[in-house]
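Engineer: Annotations per Swiss-Prot:
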BINDING   85, 129, 219, 223, 226, 245  L-tyrosine binding site
BINDING   89, 282  ATP binding site
MOTIF     90-99  motif ''HIGH' region'
MOTIF     279-283  motif ''KMSKS' region'
DOMAIN    416-480  domain 'S4 RNA-binding'
């Protein structure tokens with residue numbers, strides 16, 4: 001039973017019923033009646049656009065579609081369908097929520113009837129993108145990159161759908177020799193112009209002793225050639241990227257204009273920051289990844305639950321498909337009772353469902369309920385059930401941040417009482433821990449620790465491996481003995 005979080009709100013398809021459970025609108029592959037505007041206008045209103053290589057009028061004209069029919073099923077019937085792409089270098093075995101911002105832009109284009117193309121940089125990852133970096137990237141092996149590609153593809157299709165065209169630039173780069181590259185690509189670029197680009201200037205500045213290698217200096221030429229290849233083969237005329245990709249994107253636009261006499265444009269997305277100007281996407285110093293083997297659905301969900309009230313409206317616009325009119329009403333309701341965290345819970349459920357599906361949402365909600373809700377009473381070795389919902393309690397606990405400790409040191413060892421263990425993991429003094437114990441403020445598996453000498457016994461272990469230590473409402477430690 002999921003704990004009731006909110007009360008009494010109905011916003012079109014976003015339904016918070018009187019018992020508090022949230023029902024999220026199903027994923028919609030095409031635009032709704034409330035989103036009839038051009039995709040560029042929608043992106044600007046939602047805060048996605050940092051820079052564009054053409055004026056608003058030109059970009060709107062380029063991406064205009066015939067959406068005059070009120071039947072949602074006909075929204076893909078248009079005369080001006082464009083293909084656009086964004087690149088994702090497989091430098092890790094998962095994308096992160098910074099990449100998700102780019103995927104959301106592509107999703108908006110797709111819902112407006114356009115064709116997104118996801119490019120996996122199997123070739124460019126071997127070179128290393130210098131954009132936004134102060135020193136050379138570590139050179140990656142082909143085997144490492146190949147191992148990452150499968151996970152990156154899964155991240156992409158989770159958001160954009162299995163029907164999305166996903167390409168790997170190793171396909172056309174592996175057969176191009178150096179002479180052909182210099183003649184067919186390099187001849188269209190001038191070193192003077194390349195040096196003037198901001199990301200090159202930053203690496204060549206007096207304050208940067210590392211400089212830039214010739215390998216990374218040529219990166220933008222490879223990315224430009226990717227754009228030209230997609231322009232020729234797939235009619236791709238727009239490239240999407242982060243704000244640090246402006247120089248690489250304009251290089252591609254220039255190559256298409258000079259070599260192919262074509263018209264191509266670029267759009268950059270602002271850096272993802274919170275209201276305090278701090279870069280979003282990390283929790284306790286760790287990146288928030290899209291792949292469940294890197295960030296579990298519970299941890300992913302909790303990241304969004306913990307965003308500040310000041311960031312709620314912006315994140316609703318960026319990471320959900322809720323129409324803007326509904327977001328305004330939702331934010332108003334959120335501000336009336338911010339302690340209910342309606343905005344954060346809406347974001348968390350929408351984004352978790354988008355990335356991990358309904359099962360991921362259920363895993364996250366059940367884990368949250370297990371740790372903080374009424375089902376917390378199940379965190380005892382003698383609980384009446386070993387499951388919550390469809391999930392085994394041991395499995396849910398294994399997906400939470402836990403501390404690993406040596407079993408032989410703390411379990412069935414009378415010389416290592418809970419007092420010592422709690423002091424070690426909390427960095428509190430033993431005198432402070434003694435005060436907490438005397439006031440019955442430390443709980444082992446939801447039962448107050450009885451004395452300073454109480455130690456952990458095998459019979460205390462949940463799912464054979466875990467204990468749950470808690471002090472107050474906000475301080476808890478999940479410990480796994482190995």
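Numbers run from 1 along the shown chain.
Placement of Cβ uses the backbone N, Cα and C atoms for every residue, glycine included.
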Engineer: Grab the pLDDT values for the motif ''HIGH' region' (90-99) and give me their mean, rounded.
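Structural biologist: Taking every residue of the motif ''HIGH' region' (90-99) together, the mean pLDDT is 94.
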Engineer: If you measure residue 89 (ATP binding site) to residue 223 (L-tyrosine binding site) at Cα, how many Å is it?
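Structural biologist: For residue 89 (ATP binding site) versus residue 223 (L-tyrosine binding site), the Cα atoms are 11 Å apart.
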Engineer: Could you say whether, by DSSP, residue 223 (L-tyrosine binding site) belongs to a helix, a strand or a coil region?
Structural biologist: helix
Engineer: Where DSSP helix means H, G or I and strand means E or B, what are the helix, strand and coil counts for the domain 'S4 RNA-binding' (416-480)?
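Structural biologist: Reading the DSSP string over the domain 'S4 RNA-binding' (416-480) gives 21 helix, 19 strand, 25 coil.
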Engineer: Per DSSP, to which secondary structure element type does residue 89 (ATP binding site) belong, with helix, strand and coil as the options?
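Structural biologist: DSSP assigns residue 89 (ATP binding site) to coil.
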Engineer: How many other Cβ atoms sit within 10 Å of the Cβ of residue 245 (L-tyrosine binding site)?
Structural biologist: 27
Engineer: I'd like the Cβ neighbour count for residue 223 (L-tyrosine binding site), meaning other Cβ atoms within 10 Å of its Cβ, all protein chains included.
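Structural biologist: So the number of other Cβ atoms within 10 Å of residue 223 (L-tyrosine binding site) is 28.
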